[in-house]
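Taken from Swiss-Prot, the feature compositional bias 'Polar residues' applies to 1-18, 733-744. Annotated phosphoserine per Swiss-Prot: Ser716, in sequence order. According to Swiss-Prot, the feature region 'Disordered' maps to 1-60, 723-748. According to Swiss-Prot, the feature repeat 'WD 1' maps to 171-210. The repeat 'WD 2' annotation in Swiss-Prot covers 278-316. Taken from Swiss-Prot, the feature repeat 'WD 3' applies to 318-358. Residues annotated as repeat 'WD 4' in Swiss-Prot: 426-471. Annotated repeat 'WD 5' per Swiss-Prot: 476-515, in sequence order. Annotated repeat 'WD 6' per Swiss-Prot: 651-689, in sequence order.
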Amino acid sequence: MFKSKTSTLSYDETPNSNEGDRNATPVNPKEKSQTKHLNIPGDRSRHSSIADSKRSSSRYDGGYSADIIPAQLRFIDNIDYGTRLRKTLHRNSVVSNGYNKLSENDRWYFDLFDRKYFENYLEEPTYIKIFKKKEGLEQFDRMFLAQELKIPDVYKSTTYQGEPAVANSELFKNSICCCTFSHDGKYMVIGCKDGSLHLWKVINSPVKRSEMGRSEKSVSASRANSLKIQRHLASISSHNGSISSNDLKPSDQFEGPSKQLHLYAPVFYSDVFRVFMEHALDILDANWSKNGFLITASMDKTAKLWHPERKYSLKTFVHPDFVTSAIFFPNDDRFIITGCLDHRCRLWSILDNEVSYAFDCKDLITSLTLSPPGGEYTIIGTFNGYIYVLLTHGLKFVSSFHVSDKSTQGTTKNSFHPSSEYGKVQHGPRITGLQCFFSKVDKNLRLIVTTNDSKIQIFDLNEKKPLELFKGFQSGSSRHRGQFLMMKNEPVVFTGSDDHWFYTWKMQSFNLSAEMNCTAPHRKKRLSGSMSLKGLLRIVSNKSTNDECLTETSNQSSSHTFTNSSKNVLQTQTVGSQAIKNNHYISFHAHNSPVTCASIAPDVAIKNLSLSNDLIFELTSQYFKEMGQNYSESKETCDNKPNHPVTETGGFSSNLSNVVNNVGTILITTDSQGLIRVFRTDILPEIRKKIIEKFHEYNLFHLEAAGKINNHNNDSILENRMDERSSTEDNEFSTTPPSNTHNSRPSHDFCELHPNNSPVISGMPSRASAIFKNSIFNKSNGSFISLKSRSESTSSTVFGPHDIPRVSTTYPKLKCDVCNGSNFECASKNPIAGGDSGFTCADCGTILNNFR
């Protein structure tokens, strides 16, 4: 299990409970860490500062510690993974008829790990402590560390023959500069400061997941053998050849496969898929094409073309200076666009290996992006804070502005260089990241600009005006890139930070125009702080009194409606002439070093992961499937039910086809020490409670069954008790007829499973059955019934975790003579019935001899 070394908070802790703690610690430790961890060239105390921050993290972070380990589970036996899987699947095929609507594909993983270990984890989960400032995003609730990947120190470039790196760079030779996923979601590429390029593959099949478990087990065994040999050699040298048994015993963490822990919810294979070593210096950018090719930009003045299935680069594009950006043309990946420090943006033809078009922007190019969806426009960011918009075809100039100079913003004049028009040259801030997205509200292109002055801004490229400003994170010399993503239909912007934290904001300007168009002009009542605009519009749309307003809004040809909407636009522009300052972020302490990159797994990567029997996906999808079945059944009987039982709680959707919602958020962060951390959202609290309840039923059932089997005198004792209970029930039900058959059931909770090949002794009354739930999560639709019989042999029966009695069947035409119950189950080959099928009462256990 994972637990923070300094935090013992539960998953449902709210920021209000730690308000005083957080108010005392959020500013001071961050300001202090920022002065420590700025990447100052030539600062030889950098390494010691990191060590000091690690030692003092638990003292100053107020419980927001990054000293965490990935969540792990323990397997239950010593047989290999494949054998255990085959045995479990075989047993499921045998007992599958004993389950009512329980998915056979979602039961096998309960046999793969220690249920007690997993139950302890479910009862006491310890999630990442997240700081929420004024508002939170449910997509990042219940976050835990799922996996850690490390860039090894052994990789060194063999092609670079230039001058050695400075001492400060050697401390961060494994620093990760870029991280991105392929379009098919199969690979994640990592570009490092030492020029190495690493490809990690997403787990996409159950077989590969099992192979991953076996490889981890073999590594553990080899480490145990190595430790045994070392102790053997040490004992020979210290004891003159005398060896004791304790000397050959490995440590407790390598005692064998039964003690081996495995990751709870890994995303990538533990071993890197491929490593490319052709770049000599820092890899600054990497981009995937729609056909699976990869282009990288490096400080060695080259851009290289790769493919995951090839061991070497396919082509090299030489530049006169550092290549800071490289990107594929979306509609045709035979062309790439690169940005260089020689002020020129180039469009290359890969087949011809030559420059087709070029544009000189008179400034150092530090970032580059294309407009969605077809890359019609090319947007360039420069060292001094200028933005250039070009037509991709021919790289023709369209417009430009400066991110902080308001005199260049919101103008209709599109000068070639803003400084030539206004007579001054701006110096900074440096643009470190760009991302363009299309606004479906006003049909305009919007640009996310990240600068090294710790700001992320959103610009409307049509008006060249800032719409929103995100603040809170810390940026120095790192190439932080604020990224926009729609998560559960909510616009989110996220980034890493030099203060070791991860930050994310909910975009407030995304639906700005939609709010202006949808707001009723005659409503003068102001919005309350507890009611959002979406919620107010939803209430208004549901009321019949607003039909006239809705009609006017939908009729675009009406002059009256157009006049009102124009007034709203003018009023909103007057109020919102300045950019929205958004500091309502949520964050958590992700690393003990500056966080260089942050990326959220795309939908295609999550879908690939769901194909590998991912535990979180299997449990969540099974839960919503059964909850949906219960709702559909209840809806048939009660059509006017106001509330839907399956809600989108914690960011998960009840739609079974929505695989992404069932898996949850997968966040990847990297730092300057070469560490890759994978964070995930855990299963819902409702799912945890259901699994814990089912585990308790399993444990009680098997404990009671095992105790009765091991007792040699148990059969005779039970026979006497059953005889006494049978006579008591005869007297009771003969005098007072029961009004409810459910209330007449005996109080016995559990019973043993009757094997199919075990004969039933004549004259032995059947014991009442146990009431089990229909499946892991939903409520019971009936009782699981089994016969309590005595076998002629004295051999004991071993119960598996899924050896549950069969489901009872209701026969309305039959009636019990003892309890007047109508629930019966079929007992095949009953000797009392002459070898034919017989029936027993599910309520009192009486054998029915009359079948008329």
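These residue numbers are counts, starting from 1, taken along the chain as shown.
Cβ coordinates are placed from backbone N, Cα and C, and glycine is handled just like the others.
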Beyond the flanks of the repeat 'WD 5' (476-515) by 6 or more, those residues with Cβ under 8 Å of it: 30, 33-34, 37-39, 53, 66, 135, 137-140, 177-178, 284, 367, 432-435, 437, 439, 441-442, 448-450, 452, 456, 458, 467-468, 470, 533, 572, 576, 580, 582, 584-600, 648, 651, 653, 661, 665, 667, 669-672
Spatial neighbours of the repeat 'WD 1' (171-210) far in sequence, C-beta under 8 Å, 6+ residues away: 39, 46-47, 81-82, 85, 149, 151, 153, 155-157, 160, 165, 266-269, 272-290, 292, 294, 296, 298, 300, 306, 308, 479, 596-597, 599, 601-609, 611-614, 668, 670-674, 676
Average pLDDT across the repeat 'WD 6' (651-689), rounded to a whole number: 81
Summary of DSSP states over the repeat 'WD 3' (318-358), given as helix, strand and coil counts: 0 helix, 24 strand, 17 coil
